Amino acid sequence: MKILVTAKRVEDPESKIKVKPDGSGIVQEGLKYKINPFDEIAVEEGLRLVAKHGGEVVVVSIGGKEVQEQLRHALAMGAHRAVWVNHTGPLDQLGIAGLLQKVAEKEKPDMVVLGKQSIDDDQNQVGQYLAEFLGWSQATFASKVESLESEQEKNKAPALAVGADGKSVRVVREVDNGLATLECALPAVVTTDLRLNLPRYASLPGIMKAKSKPIEELTPQKLGVDVAPKIQVLKMSSPPPRKAGIKVADVAALVDKLRNEAKVV
Amino acid sequence: MPIVLIVAEQQPDGNLRKATLNAVTAGRTLAEKAGAELHLVLLSKDPSKVSEELKGLGVKAVHTAGAPELEHYLAEVYTPVIAGLAQELKADYVGMASTAMGKDLMPRVAARLKAAMATDVMAFNGSGAEVTFTRPMWAGNVFAEVKLTTPVKVFTVRATEFQPAAGGQAAAEVKTFAPKIEASKTKFVDFKEVKSARPELTEARVVVSGGRGTKGDFKEIEALADELGAAVGASRAVCDAGWVPNDLQVGQTGKVVAPQLYIAAGISGAIQHLAGMKSSKTIVAINKDPEAPIFQVADYGLVADLFKVLPELRESLHKLK
């Protein structure tokens, strides 16, 4: 099987994000960057699928040359090769999905596995756009029934169950009030939820090996995609701060506050 | 006149998903600002029961399509039907609540309509053709004002930011239309519901949440929730550990709640958790660690062992009745 996975470069989720005083963006100084956590899960799932069924994992990222760091990280985890779409400047979900469509048409994978959302934009759109652009089956928010502490997880078995004939995949999805299971004809687009798997660490030999793995460079021009953004961010602001709270001494004081001040019980 | 089309959602049990009512209010807010008419659409195996409820919400028209293929929601089946109706109506805006279905469906509809989309909209600004959307980024640490420049604009709304629309208004026209069902490459296999007698997490007035501090023992969390008629929530850590079902997770990657009262017990308050609950009206934190970040957003904090104070709190609340 060939699995195409994504590796978006985002601010470390533990970073404190601050808006610039003029509202034009966020303060970049002092921020660390890493692969989007949901994409890391996509890379892991790709590796597990290929470990079980054979084939290769191709990782793609879009951005300036700094995104090679995230591609190298995925290669160090075990991805076989990388595609870098070299683009600087603003890009929206339509543009990203348009570029990924061209990469998918070129690579012809059995599955594209992406994170369900990136933790900077929080849009949760690209996988769905991509599935529609390609006319493929889609299964978003892929999860599994077992907990992340299960034996199955320790054995690193893939949660996405490919059919015996290799023509379909069964996906358990996290939805409101429960879990829904779908069967998608391949090729398909799958987006990952957090509980699909626990991503592996990149080992030192993995990191060494990653240095010699190929990264193919493409551009929006080469792929023939107009990426002029259709979403304009006019202004960013900080959410209104909550007024400082107080610490209470005991349960009696808490109940008194809830009853007489907040009037919620 | 421009048209705002809101997609209604029917739950697997046949009832209207309540977040639809909040989305109707959001649609009305947008329609007023954009000088537009508000329409609703509902797809179902049998839309008659829910369309009765929808037509009293003070909208211009309710469009319904019924077919056996629409029984279980599938993005590939619903997309051409919704997008087709939007094109026929020449809708300028297509929106829905940010439920699991809304998040799955609307981007695919947007793709078909060659539209840009805003997720989790919290407010609409401006007027006429210049309406802009406010939406959260970076786990709610940034509010962004965005403008979509495609002819059709698609969005989902954060239900907790809009009041539910009230029924009992002048009956709207219900228009049934024949859905154009396309062959789907995806099959519905099954749905396993997590059943609970407690209120739905995103709709509850009070939420009691437990974190790693519970060590997986949710008995006291549940007992307090039952005393308060509250929903039970959880941090990501306890869901990942398999201690409670995934759909109880509150946070950036789980559910976003904004109840009147949110009680966090044994939850440290990581950025990803705060993103899901910091719009709650009153926040109570119970934690052994006085330095836990949850105390920075809590209106009332109690530094204590949750196993000791939760039973005490429950009894005190019981006596108030």
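Heads up, the Cβ atoms here are built off N, Cα and C, so glycines get one too.
All TrEMBL annotations are machine predictions without curation.
Taken straight from TrEMBL:
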type    : residues                                            : note
DOMAIN  : B:4-195                                             : domain 'Electron transfer flavoprotein alpha/beta-subunit N-terminal'
BINDING : B:ARG212, B:235-236, B:249-253, B:266-273, B:ASN287 : FAD binding site
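Features as recorded by TrEMBL, highlighted on the structure.
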| residue | record | DSSP (3 states) |
| --- | --- | --- |
| B:ARG212 | FAD binding site | helix |
| B:GLN249 | FAD binding site | strand |
| B:ILE267 | FAD binding site | coil |
| B:HIS273 | FAD binding site | helix |
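Just so you know, of the binding-site residues B:ILE267, B:ALA270, the Cβ with the fewest other Cβ atoms around it within 10 Å is the one at B:ALA270. In terms of local Cβ density within 10 Å, B:HIS273 ranks first among the binding-site residues B:ARG212, B:HIS273. Chain A lies within reach of B:GLN252, taking the binding-site residues B:GLN252, B:ILE267, B:HIS273 and requiring a CB-CB distance under 8 A. Annotation: B:GLN249 carries the greatest number of neighbouring Cβ atoms among the binding-site residues B:GLN249, B:GLN252 [cut-off 10 Å, Cβ to Cβ]. Mean model confidence for the domain 'Electron transfer flavoprotein alpha/beta-subunit N-terminal' (B:4-195) is a pLDDT of 96.
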